[in-house]
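Trainee: Sending over a structure as structure tokens; questions will come in a sec.
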Amino acid sequence: MWSRRIPLFIFGVLVLILSVAAEDVVWRWSCDNGKCVKLKNDPRSSEPALSLEACKMFCNEYGLLWPRPTGEADLGNFLSKINLNSIEVKILKKGATDDLMEAAAKRFKEQVSLAIPRGSTPKLTGKAVDVYLVNENPNEKAFSLEMDESYGLRVSPSGADRVNATITANSFFGMRHGLETLSQLFVFDDIRDHLLMVRDVNISDKPVYPYRGILLDTARNYYSIESIKRTIEAMAAVKLNTFHWHITDSQSFPFVTTKRPNLYKFGALSPQKVYTKAAIREVVRFGLERGVRVLPEFDAPAHVGEGWQDTDLTVCFKAEPWKSYCVEPPCGQLNPTKDELYQYLEDIYSDMAEVFDTTDIFHMGGDEVSEACWNSSDSIQNFMMQNRWDLDKESFLKLWNYFQQKAQDKAYKAFGKKLPLILWTSTLTNYKHIDDYLNKDDYIIQVWTTGVDPQIKGLLEKGYRLIMSNYDALYFDCGYGAWVGAGNNWCSPYIGWQKVYDNSPAVIALEHRDQVLGGEAALWSEQSDTSTLDGRLWPRAAALAERLWAEPATSWQDAEYRMLHIRERLVRMGIQAESLQPEWCYQNEGYCYS
């Protein structure tokens, strides 16, 4: 349908800007066969010059929208000049989400202003815009894996001097997504200094997958609260909805747990590099206003060390040679045989439940447990022999399960409900015996092995729900130099946005795709911190966002022109997103190919 409207689009734009001269303009753009072609402007021509972004908005099926809508996406044929100071948002149904709706409305206006390049000043002439928000469930503001994120967006002229935009949704989250889409329908005519808006719009949209996330490891290196909020801001711009906070590990314990203060006092990298309850609440609220749940992970029983030194509840901490006991230094695992450990866990979980109070799920970690580490402890060996267990792989799985069941009970108690729990793939989750240990109704399994791992099919056939984080496409720390020794890191090479985009959960899961809740890009932080965060994540995470929102049947080539634009939009937001191509390619579509 889009190809048939290209001539109409050009006519529509001409009608709106016909009276404006462009004598000083050197270049103009024209839509030709789905590409915006750069042409030398002729001031004597009766055809006014068309700006690049105005051309891109209509020269392909989804305009400049990211992620692409999954339902109807009719962008009409016309752009209207808009007065930036005459945009009003009106909430038609009041309820418990009023504060969130008002915050979203304020942010929407800020997002609209992103269409204006730094240093440009739009003319304050043009039509007024009235945005009407119709939330059918204005009292519902809880995250859930079943929440309705759908929305409908209608834009149409209203008389000679106004444009009406109406967003309808069944939740605040859908409403927020609709505002995000609407903000992307504004472009700046840098030839005439006018803010423009698509005048006739009909969009129906909803995500394919309910879980669309980014994991950030803030234990191996510290990230400022400002950088975390900046990440969530960018996530909201591309409709990602879960910030998975891997907040502790063996290298540091920066989470301020008031019930066990020695953990962070002894475990933080410095007294300043901690996450207080007030700071976490700020992040959680920031995420809620942007439709992003903040999901805590307390990784156990492995990946513990710093902070636990004086508890007598760990084994093999800083053991040497480390390669014999863990996958990276320092080693450390909890001792499941210590009864006192489980009160510690309940206290940590309770402190997390208090501050991460919007989460509907909880991540318990559970990867890379070393049998050799546990087997190095006399007390653990004695416990296993008392229980008539051997010291073999199967018996250590029993010990691990002993820990997991007790930790599970403490998590339910701390959160005050039986919430879904997430575990990483591991020897405990092996499909050959997982149902001996983990109930498929209680646990979601997050896959970090490759996308062709036979474990995926085995887990799906047994009815388990999965989140895909296969490292061969979604580990954003891959492709850098080794941090122990020389050479490249373990999961090299670097993963480009194209591979991220083409990593389809539906293709991986096939007939079991309904059991896949979504996916998540992971940034493990051995070699990243606040100063490198943006470039590691963006714009690659935007590729993940469209894959999980739309699950397109097409590949990255069809999305490239929009991908280049969303990168530019992120930069305008203050995100230091990595450059994908020379800017020349953005201005000359179709020339930069292999």
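Every residue, even glycine, has its Cβ placed from backbone N, Cα and C.
On a predicted model such as this, the values are computed, not experimentally measured, just so you know.
Quick paste of what Swiss-Prot says about this protein:
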type	residues	note
DISULFID	Cys31-Cys59	disulfide bond
DISULFID	Cys36-Cys55	disulfide bond
CARBOHYD	Asn164	N-linked glycosylation site
ACT_SITE	Asp249	active site, charge relay system
ACT_SITE	His303	active site, charge relay system
DISULFID	Cys316-Cys373	disulfide bond
DISULFID	Cys326-Cys331	disulfide bond
SITE	Val327	site 'Important determinant of glycosidic bond specificity'
SITE	Glu328	site 'Essential for chitooligosaccharide substrate binding'
ACT_SITE	Glu368	active site, charge relay system
CARBOHYD	Asn375	N-linked glycosylation site
DISULFID	Cys478-Cys491	disulfide bond
SITE	Trp490	site 'Essential for chitooligosaccharide substrate binding'
DISULFID	Cys585-Cys592	disulfide bond
Trainee: Can you grab the distance from Asn164 (N-linked glycosylation site) over to Cys585 (disulfide bond)? Cα atoms, rounded to a whole Å.
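Mentor: That separation, Cα to Cα, works out to 35 Å.
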Trainee: Restricting the comparison to the recorded positions Cys31, Asp249, Trp490, which residue's C-alpha is spatially nearest the C-alpha of Cys585 (disulfide bond)?
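Mentor: For Cys585 (disulfide bond), the closest Cα among Cys31, Asp249, Trp490 is found at Cys31.
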Trainee: What count of other C-beta atoms do you get within 10 angstroms of the C-beta of Cys59 (disulfide bond), across all chains shown?
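Mentor: Cys59 (disulfide bond) is surrounded by 26 other Cβ atoms within 10 Å.
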Trainee: Taking only same-chain residues 6+ apart in sequence, whose CB is under 8 Å from that of Cys55 (disulfide bond), what do you get?
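Mentor: Cys55 (disulfide bond) has long-range Cβ partners Trp29, Ser30, Cys31, Cys36.
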Trainee: Which residues in the same chain, at least 6 apart in sequence, have a Cβ under 8 Å from the Cβ of Cys478 (disulfide bond)?
Mentor: Tyr471, Asn489, Cys491, Ser492, Pro493, Tyr494, Ile495
Trainee: How far is it from Cys373 (disulfide bond) to Cys326 (disulfide bond), counting Cα to Cα, in Å?
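Mentor: Cα-Cα, rounded: 7 Å.
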Trainee: Just counting, how many other CB atoms are there within 10 A of the CB of Cys316 (disulfide bond)?
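Mentor: Result for Cys316 (disulfide bond): 24 neighbouring Cβ atoms inside 10 Å.
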Trainee: Please compare the disulfide-bonded residues Cys326, Cys331 by how many other CB atoms fall within 10 Å of each one's CB, and tell me which has the fewest.
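Mentor: Selected from the disulfide-bonded residues Cys326, Cys331 on minimum Cβ neighbours within 10 Å: Cys326.
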Trainee: For Cys36 (disulfide bond), what is the secondary structure by DSSP, using just helix, strand and coil?
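Mentor: Where Cys36 (disulfide bond) sits, the three-state DSSP reduction gives strand.
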Trainee: Across all the protein chains here, work out how many other Cβ atoms are within 10 Å of the Cβ of His303 (active site, charge relay system).
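Mentor: There are 26 of them.
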Trainee: Cβ distance under 8 Å to Glu328 (site 'Essential for chitooligosaccharide substrate binding'), same chain, sequence separation 6 or more: which residues?
Mentor: Trp322, Val484, Glu526
Trainee: Provide the number of Cβ atoms within 10 Å of the Cβ of Asn164 (N-linked glycosylation site), excluding the reference atom itself.
Mentor: 15
Trainee: Give the distance between the Cα atoms of His303 (active site, charge relay system) and Cys316 (disulfide bond), rounded to the nearest whole Å.
Mentor: 11
